[in-house]
Amino acid sequence: MVYPPAAPGQPGQQPGVPHPSEGMVRPAPMVPWHKRRWVGVAVIVVAVGVIGLAGLGIYGILGYSLGPGALILALGTAVLPVPFLLAFFWWLDRYEPEPRRYLAFAFGWGACVATFAALIINSFGGKVITGAGGSESTTAVLVAPPTEEFFKAIPLFVLLGLALTGRRQINGVVDGIVYAGMSAVGFAFTENVLYFGSAYLGDEEKNMPGGITALIVTFVLRGIFSPFAHPLFTAMTGVGVGLAVRSRHTWVRIVAPIGGLTLAVLLHGTWNLLASSQDFSIILTGYVVIMLPILAVMITVAIVLRGREAKVVGRVLPVYAEAGWFTPQEIAALATMQTRRAGRQWARQIAGGIGAKAMSDYQFAATKLALARDSLARGITNKEFADEERQLLATVDARRQYILQNARPGATMPWAAAPVSVYPGGHNPNYVSGSYPGPNYVGGSVPNQAYNPTYYGGGGRHPGYHPHHAPGSKPDGSY
């Protein structure tokens with residue numbers, strides 16, 4: 001994305017980008033109703049209530065049908081693959097981490113609400129189909145996939161709606177995959193409780209012996225052989241929602257989520273069709289020929305797109321560097337996972353755990369800022385961009401100042417990031433080399449001084465900075 005040059009007579013300041021010397025104090029804008037605090041509290045209460053009631057319902061049914069002993073055993077077995085799956089999605093999400101409360105909502109919805117709704121609808125649909133002379137396989141192929149994928153995808157559609165009304169949490173395909181994965185992991189966990197408990201109890205009518213051996217076999221098939229199945233299916237919907245968020249075209253915002261959900265249903269139905277054959281050779285062939293390649297492609301796409309988020313930072317933030325908000329080295333330090341991790345380690349070394357938290361907040365705000373401005377440059381309308389931009393810039397500066405004010409004088413940094421040239425002619429006219437003691441102060445130490453006044457305005461910091469606020473305490477201008 002190419003941005004226009006600086007206006008004549010204003011070196012280092014891009015049109016449309018606030019300058020630090022302007023300050024961050026503005027008349028408070030009218031807060032839209034959907035962003036008011038009471039609305040957020042009400043949404044949390046309703047979400048927790050719905051998830052809690054659905055959880056009581058689904059686990060009440062499981063406890064009644066399996067019995068306390070089998071339920072506890074099944075729970076202990078079903079939880080085993082969950083940490084590995086969650087770790088993968090947290091790893092995928094580490095560049096621009098999503099709020100934990102939203103991830104917890106997606107997981108809880110999948111584990112409780114989606115499973116409860118799917119159990120009721122699948123059971124009813126199964127009775128209708130078997131009553132009409134159909135088989136359980138027909139239910140597994142025609143009823144379960146659309147029902148389960150629809151209910152697993154509801155958190156994605158909720159977040160899509162929030163994004164389109166200004167409360168943006170999904171910024172692209174990677175975020176869509178992460179939220180889809182969290183919902184699907186929760187769903188798979190509860191579904192595994194049912195399968196593992198049923199395997200342990202056995203089924204005399206189907207001539208299926210129970211016991212520990214049956215439980216182990218079922219665990220190998222579902223917990224080791226195919227733990228990614230549900231996340232893979234729902235990730236298709238996540239991709240569609242991510243594409244919708246990144247597009248300014250109304251038809252894409254409609255077609256992409258529906259298309260993603262359709263692909264999820266088709267893939268889920270294909271997997272159930274293979275499993276319904278009860279022929280291990282057919283299942284293995286479908287697993288190797290269909291599922292593993294699609295999984296490999298999905299993981300590759302997610303990693304590549306996450307890498308592009310880093311490139312967005314390097315491409316977009318220079319416009320803010322021109323205005324004096326970042327140094328070239330800062331942008332380089334934000335561009336890769338390695339330098340970002342080194343920055344957090346450095347902050348922890350000089351300012352302790354709260355310094356590392358401040359650095360994480362700083363990195364998140366800078367990344368969010370780059371993605372928000374990139375969306376605007378793509379033509380995606382955001383009426384609240386100006387206020388969001390100022391909030392993020394205030395957070396960036398406040399966290400940066402907090403780290404340095406709490407740094408031990410003379411503390412040396414354990415790493416160095418190569419500087420990058422982001423200015424016409426290779427330098428920023430307002431930048432005084434060596435005056436900025438940030439995490440990329442190459443080969444030097446942290447001076448016991450404030451920011452250079454030339455670079456950060458008359459007082460070395462903008463009026464939005466409040467030194468008495470610690471990270472996590474919501475200073476004015478935080479995001």
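Every residue gets a Cβ built from N, Cα and C, even glycine.
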Exercise. Ranges 254-274, 317-337: which does TrEMBL label transmembrane segment?
Worked result: 254-274
Problem set entry | Highest-contact recorded stretch vs the transmembrane segment (178-200), from 102-121, 254-274, 280-305, CB pairs under 8 Å | 102-121
For this session: Return yes if the transmembrane segment (280-305) and the transmembrane segment (212-233) have at least 3 CB pairs under 8 Å (sequence gap of 6 or more), otherwise no.
Result: yes
Seminar exercise, completed: Counting Cβ pairs closer than 8 Å to the transmembrane segment (102-121), the top stretch among 68-90, 150-166, 254-274 is 150-166
